[in-house]
């Protein structure tokens with residue numbers, strides 16, 4: 001059983017191509033079952049997010065399996081296979097496994113170390129399980145990938161340092177207050193950046209959300225998401241008295257919060273400090289506001305400094321994460337190689353047993369009447385020869401199974417001995433000799449085997 005991945009992401013394709021190759025969660029099961037109907041696909045799972053679509057397969061043969069994926073993507077997107085290949089990447093075996101482990105660890109994301117991808121990979125695996133399109137190889141692969149992603153985050157802390165403006169705003173707020181539990185936030189503006197910031201503030205303990213926006217309806221919509229309060233824009237400064245934190249992100253081309261307005265607010269607060277985070281460009285808050293006592297004002301430059309410092313921390317954590325991935329990768333490869341080698345060893349022993357039984361029958365027929373003791377001795381000799389011949393190959397295969405290249409040695413053994421292994425097919429075939437060499441009497445070279453047995457039988461009879 002082999003492993004391959006064909007995918008597209010933000011580095012390999014523009015958005016208009018990624019859109020055509022994306023899969024919806026509600027239609028995923030049908031898509032998986034459709035892919036399973038293609039030839040050469042023994043198991044499959046699809047990871048599809050806003051920035052990537054990756055199809056993982058466990059085929060009997062790489063060429064046929066990958067060809068089926070190209071056809072499947074062409075059918076789904078309406079694009080020619082040649083066009084799809086221009087925008088996709090393809091990894092097999094060792095590289096495919098490493099790729100998934102890096103993806104789930106956040107090392108292949110647009111934002112290094114981001115946390116969402118772990119849940120997205122887990123969901124992709126769950127959907128494949130529900131669709132019954134996985135097999136033992138994909139099950140083990142995704143289970144170990146999820147374990148790897150969790151281990152990377154636990155041991156390296158790669159996701160602990162925020163590297164986006166909304167996350168950095170929350171980080172600054174936590175630094176200022178120690179804990180955000182029970183704190184209140186006033187949000188000026190109801191756009192995407194405002195919402196992302198509030199999501200993270202609430203997740204970190206903020207209990208009260210007030211939203212003010214020039215469009216009151218937009219303010220209501222955002223406030224309802226957090227069981228908060230919407231206020232009209234002309235009431236902004238009245239409600240600022242209730243806030244510990246102010247987040248401002250409007251599209252205004254002038255200062256929305258002026259120094260004179262904030263002086264009046266702070267006079268009413270009576271030495272109660274307030275943190276103001278301006279994530280708008282151009283700025284919403286007059287920078288002179290920071291001169292007012294008990295006001296802490298941060299803008300995007302302050303936030304970017306936090307982001308840059310945290311990104312450097314994540315890069316250092318990523319180096320440690322790569323080491324963890326290699327450990328998990330080698331462990332999986334040992335398991336996978338064992339999956340390759342066990343059926344091969346079984347087939348090798350079966351071949352030896354079949355040869356032994358066939359040649360024993362020939363020998364018994366040619367030697368005529370034999371006593372049970374003589375048959376037992378001949379059988380014992382045959383067992384000994386077969387066991388000794390196969391001993392080293394079996395031992396070496398088991399040893400190589402513990403290395404990343406174990407499957408290569410296994411396939412080579414299958415080719416050398418022309419083994420028929422259930423669920424596995426050598427990628428290349430050994431061409432058998434056109435004819436066997438003949439010796440005197442018309443027998444094949446196996447006549448030496450017969451003569452050896454005859455000599456042994458004669459010797460045993462002479463001892464009786």
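Glycine is no exception: its Cβ is also placed from the backbone N, Cα and C atoms.
Features as listed in Swiss-Prot:
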BINDING   49, 50, 51, 52, 109, 114, 115, 116, 120  substrate binding site
ACT_SITE  50  active site, nucleophile
SITE      99  site 'Important for activity'
BINDING   189, 190, 191, 192, 193, 194  NADP(+) binding site
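Structure with Swiss-Prot features highlighted.
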{"residue": "49", "record": "substrate binding site", "Cβ within 10 Å": "20"}
{"residue": "50", "record": "active site, nucleophile", "Cβ within 10 Å": "12"}
{"residue": "51", "record": "substrate binding site", "Cβ within 10 Å": "18"}
{"residue": "99", "record": "site 'Important for activity'", "Cβ within 10 Å": "19"}
{"residue": "109", "record": "substrate binding site", "Cβ within 10 Å": "20"}
{"residue": "115", "record": "substrate binding site", "Cβ within 10 Å": "15"}
{"residue": "120", "record": "substrate binding site", "Cβ within 10 Å": "18"}
{"residue": "190", "record": "NADP(+) binding site", "Cβ within 10 Å": "24"}
{"residue": "192", "record": "NADP(+) binding site", "Cβ within 10 Å": "10"}
{"residue": "194", "record": "NADP(+) binding site", "Cβ within 10 Å": "23"}
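A helical conformation is recorded for residue 193 (NADP(+) binding site) in the three-state DSSP classification. A straight line from the CA of residue 192 (NADP(+) binding site) to the CA of residue 120 (substrate binding site) spans 22 Å. Residues 189, 190, 191, 192, 193, 194 make up the record's NADP(+) site, and a Cβ search at 8 Å around their centroid adds 187, 195, 196, 197, 222, 249, 250 from the same chain. Taking the Cα atom of each, residue 49 (substrate binding site) and residue 99 (site 'Important for activity') are about 16 angstrom apart. Checked against residue 51 (substrate binding site) by C-alpha proximity, the recorded positions 99, 189, 190, 191, 193 yield 99 as the nearest. Within the same chain, residues at least 6 positions away in sequence whose Cβ sits under 8 Å from that of residue 193 (NADP(+) binding site) are 165, 166, 249, 279. Residue pair residue 191 (NADP(+) binding site) / residue 120 (substrate binding site) shows a Cα separation of 25 Å. Secondary structure at residue 49 (substrate binding site), as computed by DSSP, is coil.
Note on the binding-site residues 189, 191: the fewest other CB atoms within 10 A surround the CB of 191. Highlighted in sequence order, 110, 117 have their Cβ within 8 Å of the centre of the Cβ atoms of 49, 50, 51, 52, 109, 114, 115, 116, 120, the residues recorded for substrate, and are not part of that set.
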